[in-house]
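Engineer: Questions regarding the structure given below will be posed in turn.
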Amino acid sequence: MHCALGIRVPAAPLRQRLFTFSPVERHSASSTRLRPLRGPVNPTSYDLGMENRDATDDRVTVEAAEAVRRYNVGIKCATITPDENRVEEFKLKQMWRSPNGTIRNILGGTVFREAILCKNIPRLVPGWIKPIIIGRHAHGDQYKATDFVVPGPGKVEMTYTPTNGEPVKYVIHEFKGTGGVAMGMYNTDSSIRDFAHSSFQMALTKGWALYLSTKNTILKKYDGRFKDIFQEIYEKEYRTKFEAKGIWYEHRLIDDMVAQAMKSEGGFIWACKNYDGDVQSDSVAQGYGSLGMMTSVLICPDGRTVESEAAHGTVTRHYRQHQQGKETSTNPIASIFAWSQGLLHRAKLDNNAELRVYAEALEAVCIETIEAGFMTKDLAICIKGLS
């Protein structure tokens, strides 16, 4: 089959696959109009559909991540993270982990989400005239935590056992009465450093200020570690580069940062811890009009490896309506931009002018189409309302 970009790919549902791209041939480009590419793009695809992940014991997800690292470019379609209902629906061997989480933990780096702006799409936050890029630390914290229900009275403790040394024990809480819940989570210095480098590099690329938000006044050791590592790296490696570009780095408390973002005009990078980034990226997307109008790019610490995808999921509600024979209207823009962003990075790595012009033209045509009045239901509601 042919996808929207005119690239030949295996005949399988695009929404359940990951594609990686090796270097491509170069041809001269003399026009910015959208036209078919003449050179091969050489996609390698991995079937991340629920059935195949189950059949391979999720090994295919690991292989896909390793291929992205090998080729430096990956384009991921939306995938299912199974819950109890999906385990029953697909008769799965077990409740497999999020493929996004698996891929991000292998590649490291930071997920950057940026709104796709159209002049005729009104913003819920009218003052946002420039994009706000959310940088989400894609490792650890709640997403690799161990949590459990405390069934009754008792003491919950946490023990650190060093490789060489005596165990250190911390009392978390002594439960009385009916019990409650408890959780243990972590992050690593190396992952936080990767997060910092990716964030600083993105700020330099965009020429925008960078803000890191934490709650270090409450989590003095945990969030304080993020703050200290960012500041250390900034002073040693990036302050001079930032000042040369006339931009800056600043740490802010998460609640203060949320308020600041709401009254800003946009035009900055917002580095968030994993959970904060998960929440704020959707909030910011809606503030610009629609989650279907947001790119999502994982940038690895090496600065060369990138995985792009749509910011939204598999749009299950629309699929269920389709199964019932009902008419649906699903916004494809974020999925198209996932491809264009991946191809733009491939073009950058290969110094391929034709591929760059093609990808840029594809994005421009999408925006021009919407601004000309051709759009899906979600955007029409933004403009006209439900009536």
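Cβ from N, Cα, C; glycine included.
Below are the features I grabbed from TrEMBL:
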BINDING   Thr79, Ile80, Thr81, Arg86, Lys263, Gly313, Thr314, Val315, Thr316, Arg317, His318, Asn331  NADP(+) binding site
BINDING   Thr81, Ser98, Pro99, Asn100, Gly101, Thr102, Ile103, Arg104, Arg113, Arg136  D-threo-isocitrate binding site
BINDING   Asp255, Asp278  Mn(2+) binding site
DOMAIN    28-381  domain 'Isopropylmalate dehydrogenase-like'
SITE      Tyr143  site 'Critical for catalysis'
SITE      Lys215  site 'Critical for catalysis'
Engineer: List the Cα distance (Å, whole number) between Ile103 (D-threo-isocitrate binding site) and Thr79 (NADP(+) binding site).
Structural biologist: 12
Engineer: What is the total of other Cβ atoms whose distance to the Cβ of Tyr143 (site 'Critical for catalysis') is within 10 Å?
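Structural biologist: Other Cβ atoms found within 10 Å: 18.
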Engineer: Cα within 10 Å of Thr81 (NADP(+) binding site) is the criterion; apply it to the binding-site residues Pro99, Arg113, Asp278 and give the hits in sequence order.
Structural biologist: Pro99
Engineer: Where Lys215 (site 'Critical for catalysis') and Gly101 (D-threo-isocitrate binding site) are concerned, what is their Cα separation in Å, rounded?
Structural biologist: 23
Engineer: Could you state, as a whole number of Å, the largest distance between Cα atoms of any two of Thr79, Ile80, Thr81, Arg86, Lys263, Gly313, Thr314, Val315, Thr316, Arg317, His318, Asn331, the listed NADP(+) binders?
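Structural biologist: Among the residues the record ties to NADP(+), max Cα distance equals 41 Å.
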Engineer: Could you find out if DSSP has Ile103 (D-threo-isocitrate binding site) as helix, strand or coil?
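Structural biologist: Note: Ile103 (D-threo-isocitrate binding site) is helical by DSSP.
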Engineer: Rounded to an integer, what is the Cα-Cα distance in Å between Asp278 (Mn(2+) binding site) and Arg113 (D-threo-isocitrate binding site)?
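Structural biologist: So the Cα of Arg113 (D-threo-isocitrate binding site) lies 10 Å away from that of Asp278 (Mn(2+) binding site).
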Engineer: Which state, by DSSP, holds Asp255 (Mn(2+) binding site): helix, strand or coil?
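Structural biologist: Asp255 (Mn(2+) binding site) sits in a helix per DSSP.
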Engineer: Determine, to the nearest whole angstrom, how far the Cα atom of Pro99 (D-threo-isocitrate binding site) is from the Cα atom of Lys263 (NADP(+) binding site).
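Structural biologist: Distance between the two Cα atoms comes out at 36 Å.
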Engineer: Of Gly101, Arg113, Tyr143, Asp255, which is closest to Thr316 (NADP(+) binding site) if I measure between C-alpha atoms? They're all recorded positions.
Structural biologist: Gly101
Engineer: When DSSP states are folded down to helix, strand and coil, where does Thr316 (NADP(+) binding site) land?
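Structural biologist: Reduced to three states, the DSSP call for Thr316 (NADP(+) binding site) is helix.
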Engineer: Can you check how the pLDDT averages out over the domain 'Isopropylmalate dehydrogenase-like' (28-381)?
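Structural biologist: Mean pLDDT for the domain 'Isopropylmalate dehydrogenase-like' (28-381): 90.
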Engineer: Could you tell me which of these binding-site residues, Thr79, Thr81, Thr316, His318, has the greatest number of Cβ atoms within 10 Å of its own Cβ?
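Structural biologist: Per the Cβ count within 10 Å, the most buried is Thr79.
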Engineer: Including all protein chains displayed, how many Cβ atoms other than that of Asp255 (Mn(2+) binding site) lie within 10 Å of its Cβ?
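Structural biologist: Here the count is 11.
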Engineer: Look at the binding-site residues Pro99, Gly101 and tell me which residue has the greatest number of other C-beta atoms within 10 angstroms of its C-beta.
Structural biologist: Pro99
